[in-house]
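Written below as structure tokens is the structure these notes are about.
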Amino acid sequence: MVFPCLDVCTHERTALEMLGEYTRVWIPDPDEVWRSAEIIKDYKEGDKSLQLKLEDETLYEYPIDLQGNELPFLRNPDILVGQNDLTALSYLHEPAVLHNLKVRFLESNHIYTYCGIVLVAINPYEQLPIYEQDVIYAYSGQNMGDMDPHIFAVAEEAYKQMARDEKNQSIIVSGESGAGKTVSAKYAMRFFATVGGSASETNIEAKVLASSPIMEAIGNAKTTRNDNSSRFGKYIQIGFDKRYHIIGANMRTYLLEKSRVVFQAEDERNYHIFYQLCASSSLPEFKDLGLTCAEDFFYTSQGGDTSIDGVDDADDFEKTRHAFTLLGVKESHQMTIFRIIAAILHLGNLEIQGERDGEACSVSSEDEHLSNFCSLLGVEHSQMQHWLCHRKLVTTAETYVKSMSLHQVVNARNALAKHIYAQLFNWIVQHINKALHTTVKQHSFIGVLDIYGFETFEVNSFEQFCINYANEKLQQQFNSHVFKLEQEEYMKEGIPWTLIDFYDNQPCIDLIEAKLGILDLLDEECKVPKGTDQNWAQKLYDRHATSQHFQKPRMSNTSFIILHFADKVEYQSEGFLEKNRDTVYEEQINILKASKYQMVADLFQEEKEAVPATAVRKGTPRISVRSARPAFKAANKEHRKTVGHQFRNSLHLLMETLNATTPHYVRCIKPNDEKLPFKFDPKRAVQQLRACGVLETIRISAAGFPSRWSYPDFFNRYRVLMNKRDLCKNDKRQICQTLLEDLIKDPDKFQFGRTKIFFRAGQVAYLEKLRADKFRAATIMIQKTVRGWLQRAKYQRLRRATLTLQCYARRHLARRLFEHLRRTRAAIILQKQYRMLRMRQAFLRVRNATLTIQAFARGMFVRRIYHQMLVEHKATILQKYARGWLCHWRRLRARRQLQALRIEARSAQHLKKLNIGMENKVVQLQRKVDEQNKENKLLNEQLSMLTSAHSSEVEKLKKELQQYQQTQQGDGNQLLSLQEEMERLRMELERAHGEREVMEDSHSKERDLLRKRISDLEEENTLLKQEKEELNSRILCQSEDEFARNTAEENIQMKKELEEERSRYQNLVKEYASLEQRYDNLRDEMTIIKQTPGHRRNPSNQSSLESDSNNPSICTSEIGDTEDVIQQVEEIGMEKAAMDMTLFLKLQKRVRELELERRKLQAQLEKKEQEIKKSQVIETKTEVSSEHEDFAYNSLKRQELESENKKLKNELNELRKAIADHAMQNNSSNDVQDSYNLLLNQLKSANEELEVRKEEVLILRSQIMKAAQQKETGENMENVSPNASWPNSDRHVDQEDAIEAYQGMCETNRLELFQLDRAVFSGNPQRACAWAVCLQSSSNIKRKSLLVNKVLSESHILL
């Protein structure tokens, strides 16, 4: 809960007066909580914001609201920053406290700071050299404010007040986990043990210190916030005699976290003693415990990592055993303690097996961990096995034994483990108290309370509720004590005071512990047989819904919120009843009572609750020391005390003890969650300051007069503000009163006590501002005068020094110049002699070296020549024999090659292959020559036409001229115009003659180029013949092995093509399904024809009429009819197909339509050629030549298509005849049937090839039309290519590349035909058909035609 640092009136007036330029303030910040800023513009009344400049020089506008008291907090002067007591600050508020702690912690490395009677200790997470023996002796006997804040100073103050006032003292150490509470309490006890050492030989102070490692081992554990977190609260009373020597001690414990024994969150551990025992399990005395590493046990491995960085569990275990020995615990008792701890680990590893759908469970009798558990505790194996899974129900009439479910058994096992560990913990505390007990009468004591601080987590359960309840009680005691000290201070100084209002958390405490409070409702619900956490939460909602400290969450029906003094905490009710009951079954306890080990049996025996006693000595109330361990009643009694009731009673006893003593407070702060040394997180720090009551102390102090100055100190500090007349007075108190009355007009802002002056918050800062202003003005005046004097003195001193330096410098320069000249002359002489000597020595050295090198080089060259001659002689001999062998080998190879060439030369097929390509090339070249001659004739005709037109125009103009002369003889001007016109016409005539000459020249040049091109072609022809002869010679040189290898490669290639053809065949099979319906229709038609004997005409005469149609194009339905006919021939059979000539009539109709289409296309082509010829007359020479080439190419293409169409038609007729002839025969052998099937397939492919050629003719016609349109519009388009009608005509093909490509194509055709010939002449029709299928997809029509002819001829021969 955040309280304002000032009352409204005080803060508003002071802040408005101080909000001037250069004033520093605090503003909220989401990252650093509070951030410092400086006002850069004076505040004026009516302004709604302040102009601020942050520490990083950025500007910020801070809105203010005077009505809502939203003024920024003022920052303390620099002289007050870093004070060791927070109450000495002029402005007491949260940002000032946080900044002061941060400066001391980070800049000065001071971890302790006073806040009135509270010592704030920040955990440095690093060992500091401030706790040695000499430091203890340094603080011993000193007052609390004489030295820097320290835990030893608080301990010394408690020890001193105990001796001076003869009153018991208490040191209350609080803070959250990881803040350093346990360490602070340990150092306080070390101080008492050192300062109040016992006078006897019992060495009691060593025993007091020895209890710490034992309690850390059995009560501390690793958490996410602290590696050595105390999971219980303890209050240690150190007793003193009349001479204030330690005579004994006693310890009370509060609320041990038993749930940690059976469950640990992630990255947390169980209590240290479990891991210490597992780390030492290899020792001989622990062999019988059956322990291994901690990872093997369920109760120690739930948190993941079982080790702590920098901690040796085995070494800590030795320290724990040594502490047991020092406290007088017998070796047998120690072994029993370790056996019980090991038994708890084995209990957690029991394997519980569910039965009957989980309604019953059992534990195997052969379970190793159960055997170890029973043997270690000395109990009967069979009984423990039975009662772990069963429970006894007692009624008035009889007793029942009921099986428990798996969930109930696990809960019962965990409850038993927690109960055993809690009983062992209480037994160890009792024996520590026995060891520290003394028979000497205790005179007084100092208690050290190490208790958990306020806790709030994401999930808060019963443990956090009890902890926060205890902190509420401690906070109430703290507030009342601080208020009491504040009132005593005012009464001592004689200052009138009014009641200071401070926060009282009694309503929150009543909500928890009053009648029908949270604890009472919890105990009442625990008594209900079927009570649940949900019912208890509902009762809380119904009972406390109107309480200002109780709230119900919006999104939950099982949680509740309590508004504590530090924060608002939400608790989950799940598990409250189970933890409050802490139920352990009677049967399991009875088995443990019957243990054969006496110590184990004593742990669970019934005890009577001790009755607290009071003693009165010298009128001072005394609280007797007793254990806070709850008394254990018989297990068979149903209504024993709950955990909440026991904790409330022990807490009341603790508060009675604290109220009877003088408390001293130590608040431990955790600076960061990463456990990094000297790192300060403002968010975490301010959260803990609000929770531990430090800010409440400041608020109580700020509500009165927080700043206090003695009269001498105030006079010495602020005498600069006094008048000279007032300083002459001897009464300093009167001088201070006069000054304050002049400076502070409001008398309520300060009070004069007997020895001190009391100020309201902010008044000291106001006086500091006035003092700083006075010093600033005086400093400016002094600086002005002193700086002027210093500059004048400096100038005079520099002038004198400059003249002196110049005199000495000139004298030194003259001497240095003389010395330089003298040394230069001497150096020249020395250099001359030295260089002469060095050059002579170098010459002699080079001369000797040269002679030596020459001698050795000449010898080396002579030896090298000798060796070379020797090597050449040997090489000559080797070459002689090698050349003889090579000649012999070449002679043999030449003979073989000659024989091969003779054989090859006799082959007529070879010469035929070479001549076929050349003949075709010569024919093409001759055609080109003819076309060019035609072009020349056309050009000559065009030229003659142009000449005749020009001459006729000239004659016409002459006639007109004569007419003009006859009609206009008298007009001289008209004559001149006619003469000019005549001259113009003459010039045009001359220009026309010139253009004609140019055209004749270009024509002659073109003719020369054509002739030259013809000669070049003839030369190329001769070269090709020569190349043919060379190729003949090369082919003769090839061996038969190369021919065989090429043949093998061609066979492989043909196999690949055969595979591709098979894949195409599969695709055609898929298309077969789409033709089944049409096949059914044709089959019906064939059935009708078969029933009528003889030949019948097709009932539909549509086919004969279609040939005379005006639209001769072939539709897709007709193509489908042809394919259907072929399919019918295959399906019906050869013999039946011969009986019906309808199929052949359809084929004839198809051929006639194709012939008509071809003729029409040829007519259109000739028409377009004439149009092209007409357009060529108008175009330029370059366009004529390029178009002529396109025309030649188109004519060649057309001729080739016509020849191919004729061949395809012949093939079709031959196929039709072959089918008809074969249908008349009765031979239906398998081989012949396969051959005809192949021929039908070939007919299909020929039909497809016709369609492809038809598409090519259509494309050619569209391209010609497109070229004609482009030529008509070509006059306005300069960059359009004239030969754009052909896809490949825009790419220039080199003549040699074209010839080579043509020869390669011819060679391939010849090779394939050669293979086909071999297959045919060898009498293998199947192979010939295979060749035909392989070449079916080829685009070369000539090759396919030859192939089909050979197959047909061979088939006729075979038939």
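Glycine is no exception: its Cβ is also placed from the backbone N, Cα and C atoms.
Your range for region 'Actin-binding', going by TrEMBL and the list 7-29, 375-397, 651-673, 743-765, is 651-673.
In TrEMBL, the feature region 'Disordered' is placed on 1270-1290, out of the ranges 955-975, 1270-1290.
Lys181 (ATP binding site): 27 other CB atoms within 10 A of its CB, across all protein chains. Taking the centroid of the Cβ atoms of Gly175, Glu176, Ser177, Gly178, Ala179, Gly180, Lys181, Thr182 as the ATP site, the other same-chain residues with Cβ within 8 Å of it are Asn123, Asn226, Ser229, Ser230, Gly453, Cys668, Lys670. Counting every protein chain shown, the Cβ of Ala179 (ATP binding site) has 25 other Cβ atoms within 10 Å.
Across the region 'Actin-binding' (651-673), DSSP assigns 9 helix, 8 strand, 6 coil. The most densely surrounded of the binding-site residues Gly175, Gly180 is Gly175 (count of other Cβ atoms within 10 A of its Cβ). On its own chain, Ser177 (ATP binding site) has Thr223, Arg225, Asn226, Ser229, Ser230, Tyr452, Gly453, Glu455, Lys670 as residues at least 6 apart in sequence with a Cβ closer than 8 Å to its own Cβ. Over all protein chains present, the Cβ of Thr182 (ATP binding site) has 22 other Cβ atoms lying within 10 Å. Remark: Gly178 (ATP binding site) has Asn123, Thr223, Arg225, Asn226, Ser229, Lys670, Lys675 as non-local neighbours, by Cβ distance under 8 Å and separation of at least 6 in sequence.
For Glu176 (ATP binding site), other Cβ atoms within 10 Å of its Cβ number 23.
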